[in-house]
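Student: Sharing the feature lines straight out of TrEMBL:
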type	residues	note
TRANSMEM	21-47	transmembrane segment
TRANSMEM	63-89	transmembrane segment
TRANSMEM	96-121	transmembrane segment
DISULFID	Cys166-Cys188	disulfide bond
TRANSMEM	225-246	transmembrane segment
Amino acid sequence: QLQFKTENRRMKIRDKLLTWKITLTVFNGIFLALGVMLLMFGLWLLFDRNNLFSVLFSSGENQLVACVSFMLLGVGSLIIFTSAVGFLGNFKEIRCLIVTYVCFQVLVFFTQIAISVLIFLKKEVVYHQWNNRIDEVISEYGNKSLAEKEPVWNILNAVQQNMECCGRYNVTQWEKNKNKESNTQIPCSCTKSNLKKWFCDISRNSTYSMGCEEHLDTWFENNVLILNGISISLLITQVFVITLTVKLFMNIRKNNIWPNG
């Protein structure tokens, strides 16, 4: 009868162990998916040459995009590696891997907090740099001695055409541009014109009256919101993952099963 009770107790522990393993696998899968999203976000910033943010901040002395990209790539890669360790430790019930997994989780957790704080503190600084850089692009637009800047101007043209806007705040901003043949000229992209030129002689009444600032700010805010959303989701997921891993660790100890550990 004692042996029966012992076996019954071990079965209950094994059932609990199986439950914790399945639940941990689900949350670790969510953690992995969020890590892949961070990695893809970093790759997008680093390699997408048609991305407005990358075009504006990846040239000259301003290497903001490169810094953010490598930071996201580093954290994303660490999360993927940590998840792989977690899956293996969970499946094989290997003690050293489970302990390593928890340590990496704690490391990623505090790294995520640091990144979230950094994003919050630097958001306004980046926002002002963003607007200043757009103004700088508008002032340089069409300068024949700056042919290497044409990809940036093409992106600006695409924004003005697709969003039917002109300048950052309105069409009068183009009066500051000194690269026109005459003061009456404006970018062809500020109109419905299909001419493949930088500037066109078109009446102001035919131009888009609204500035692009609202659209650009919305685009900027949406991307920051996505990044913050991923970071917060990661933090919440990690709380569950660390708790579940500790529970799994305790149940494995109760069952006295430490294969290869």
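Glycine residues also receive a Cβ, built from the backbone N, Cα and C atoms like all the rest.
Given the structure is predicted, the values throughout are model-derived calculations rather than measurements.
Can you walk me through where each of these features ends up in the structure?
Tutor: Proximity of distant same-chain residues to the transmembrane segment (21-47), defined by a Cβ-Cβ separation under 8 Å and at least 6 residues beyond the stretch ends, is recorded for 53-54, 65-66, 68-73, 75-80, 82-83, 86-87, 90-91, 226-227, 230, 233-234, 237-238, 240-241, 244-245, 248.
Residues 24-25, 28-29, 31-32, 34-43, 45-46, 53-54, 57, 96-98, 100-101, 104-105, 107-108, 111-112, 115, 126, 129, 234, 241, 245 of the same chain lie 6+ residues outside the transmembrane segment (63-89) yet bring a C-beta within less than 8 angstroms of a C-beta in it.
Outside the transmembrane segment (96-121) by six or more residues, the chain places 71, 75, 78-79, 81-82, 85-86, 88-90, 224, 227-228, 231-232, 234-235, 238, 241-242, 245-246, 248-249, 252, 261 with a CB less than 8 A from a CB of the stretch.
Remark: Cys188 (disulfide bond) has Asn157, Leu195, Lys196, Lys197, Trp198, Phe199, Cys200, Ile202 as non-local neighbours, by Cβ distance under 8 Å and separation of at least 6 in sequence.
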Student: Starting from the Cβ of Cys166 (disulfide bond), draw a 10 Å sphere and report how many other Cβ atoms land inside it.
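Tutor: Result for Cys166 (disulfide bond): 24 neighbouring Cβ atoms inside 10 Å.
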